Amino acid sequence: MEPHDFTWIFAVGIISSICDAFGIGANDVANSFASSVSSGSLTLLQACIIACFTEFLGAFLLGSSTSETIKGGILSVERFVDRPELLMLGMLCALVGSASWVLFASKKGMPVSTTHSIIGAIIGVGIAAFGGGAIQWGYSGVAKIITSWFVSPIAAGIVTAIIYLPTRFFVLESPNSLERGIKAIPIYFFVTSLIGSFYIIYKGAPGTDASSLSVGAIIGICFGVATGISAFSWFFFVKWLRRRVVGKENIRWYHIFVIHFVKYRPSPPPTPIADSSTDMEVTGAIEDGSNCDAKLGVCVKNADQDPNDDVESPEEQKDTSLASKLLGLMHKIKYYALRGVRKDVRNLDNKDLANVHDAAKKFDDDTEYLFSFLQVITACLASFSHGSNDVANAAGPISSIYDIWKTARVDVSGTAPVPTWVLAMAGAAIDLGLITYGYHVMRRLGNGVTYLSPSRGFSAELGTSLTVLTASKIGLPVSTTHCITGAITAIGLCNGNFRALNWKMLAWCFMSWIFTLPIAGLIGGLLFAFGSNAPTRFL
């Protein structure tokens, strides 16, 4: 093989990488924000806007400059040294296999691990190329992935319950829950910012020098950050909450920073309901060509109006027709572009889930409102970290293809440099996937499993982050997707009623985890078997 041979593999690989990153946004990012949207802390549009910044910036700014040539070390890269073009083809088939399964799962609303999907596709390629003996089936390989199906949800569920139950008993169920919640807010901010900053530095910044810091240094930095944020919440945010939630003042979020200097702002009186009969008269008169005073409800026919004034010339009619067509085209483009963010994903009016939601205990709305801000913070931190960490699932294989295409050799170190344009491309595709396709997973995973409120969603997200951090440090295999599913399940169980969970949906989720490895592997393996045995003029 010579440099720049098999350019078609590189070109098709770029398209496949974009599709895989699109699937990551539609599935992984969607299940990260599912609890925030389902609880009402964020609208679907707000979640998409936030994720567009956090995911892209996380991928572009903190994404690793190198990635594993073969994800998870499941297959030795040295097997491809003599034939680099086979590794190019293998990575292309792995991308197609992973993207195909993730996109299908996203369409059906199944939350799957995109990391396990790309690994499964690589397993299929390895079996097709060298047989089953080439795969690491032990705990260092496939067995570790299977273990994560059980370890991830159980561990996250336990941690989430430890966070949520004290909140429920000492704050939410208290007779003066609002006052207790306001006093506890600085403590929650301290814990949230401590875990969130540690999550970003320790796990979510592989492309920076922060990843080389000692654990002690990271803890010191995080304690400093958490102390500063907690102090800010005590002096500014708590004051804002008392005036906004307790005093019902008409103040906005940007008043937090100057709340001590903002004068009393009473809430505006309710808007009176207009007389519909007057509105109908005015509307009809306007259509009839009259001059109207909408405030007074008085309309006067314009006697000087020429009846032929409304008649357009053929040229004007042609221009109007063209303008109408362009306007209609713009409306269609706008409809399909924003279709994904206009969906109802909260499922509160779903009759099939009414019994599940009714079995969950409801708490004071004002107290729940306090946790909305904390939940937004945890969702943003998790999304920022996810963008920097999991972008390698789509960027790694195409980077390997690009490196071999450019150098015509396989790096036996098992790593490949990730160009900046690849990180930007993957980050943009992740955002596009969430905006246009993420509602499928959000609709199923949030209130589709159990009833979620801001306090419940906050506990689930914080429990997931803490589980991933702890498990990564002690070497337990975990998946963020599996963790958030287990955390939401634990929230449902904390209601003390098994009817508060949609067990059918949970079974559907677990089956999708099991199907991920074999289906992605089957697609990748069959494509590789076909391509590698094709006539040499095609490869």
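Counting starts with 1 at the first residue shown.
Glycine is no exception: its Cβ is also placed from the backbone N, Cα and C atoms.
Because TrEMBL annotations are produced automatically, they should be read as predictions rather than curated entries.
Panel annotation: around the transmembrane segment (6-30), residues 51, 55, 85, 88-89, 91-92, 95-96, 98-99, 102-103, 105-106, 111-114, 118, 383, 386, 390-391, 393-395, 397-398, 401-402, 405, 422, 425-427, 429-442, 445, 480-481, 539 of the same chain, lying at least six beyond its termini, place a Cβ under 8 Å from a Cβ of the stretch. Here TrEMBL flags 6-30 (among others) as transmembrane segment.
Sequence annotations record features per position, and here TrEMBL assigns transmembrane segment to 42-66 (among others).
As annotated by TrEMBL, transmembrane segment applies to 86-106 (among others). Counting only same-chain residues 6+ beyond the ends of the transmembrane segment (86-106), those with a CB under 8 A from a CB of the stretch are 6, 9-10, 12-13, 16-17, 19-20, 22-24, 26-27, 30, 69, 77, 80, 112, 114, 117-118, 120-122, 124-126, 129, 393-394, 397-398, 400-401, 404-405, 410, 433, 437-438, 440-441, 512, 516, 519-525, 527-528, 531-532, 539.
The annotation transmembrane segment is assigned in TrEMBL to 118-139 (among others). Note on the transmembrane segment (118-139): residues 20, 70-76, 79, 86, 90, 93-98, 101, 145, 147, 393, 396-397, 516-526, 528-529, 532 of its chain, located 6 or more positions outside it, place their CB under 8 angstroms from a CB of the stretch.
The transmembrane segment annotation in TrEMBL covers 145-165 (among others).
The list of residues near the transmembrane segment (185-202) in space but at least 6 beyond its ends in sequence, with Cβ under 8 angstroms from a Cβ of it, reads 62, 210-211, 213, 215, 218-219, 221-223, 225-227, 229-231, 233-234, 237-238, 241, 370-371, 374, 377-378, 381-382, 384-385, 388, 458, 462, 465-466, 468-469, 472-473. According to TrEMBL, the feature transmembrane segment maps to 185-202 (among others).
Feature annotation from TrEMBL assigns transmembrane segment to 214-238 (among others). Counting residues 6+ beyond its ends, the transmembrane segment (214-238) has Cβ neighbours under 8 Å at 182-183, 185-187, 189-191, 193-194, 197-198, 201-202, 256-257, 259-260, 373, 473 in the same chain.
Nonlocal intrachain contacts for the transmembrane segment (505-530), taken as residues 6+ away from its ends with a CB within less than 8 angstroms of a stretch CB, comprise 89-90, 93-94, 96-98, 100-101, 105, 110-113, 116-125, 127-129, 142, 145, 149, 444-445, 448-449, 482, 485, 489. Marked as transmembrane segment by TrEMBL: 505-530 (among others).
For the transmembrane segment (145-165), same-chain residues at least 6 beyond its ends with a Cβ under 8 Å from one of its own Cβ atoms are 72, 116, 119, 139, 455-456, 459-460, 462-464, 466-467, 470-471, 476-479, 482-487, 489-491, 493-494, 510, 513-514, 517.
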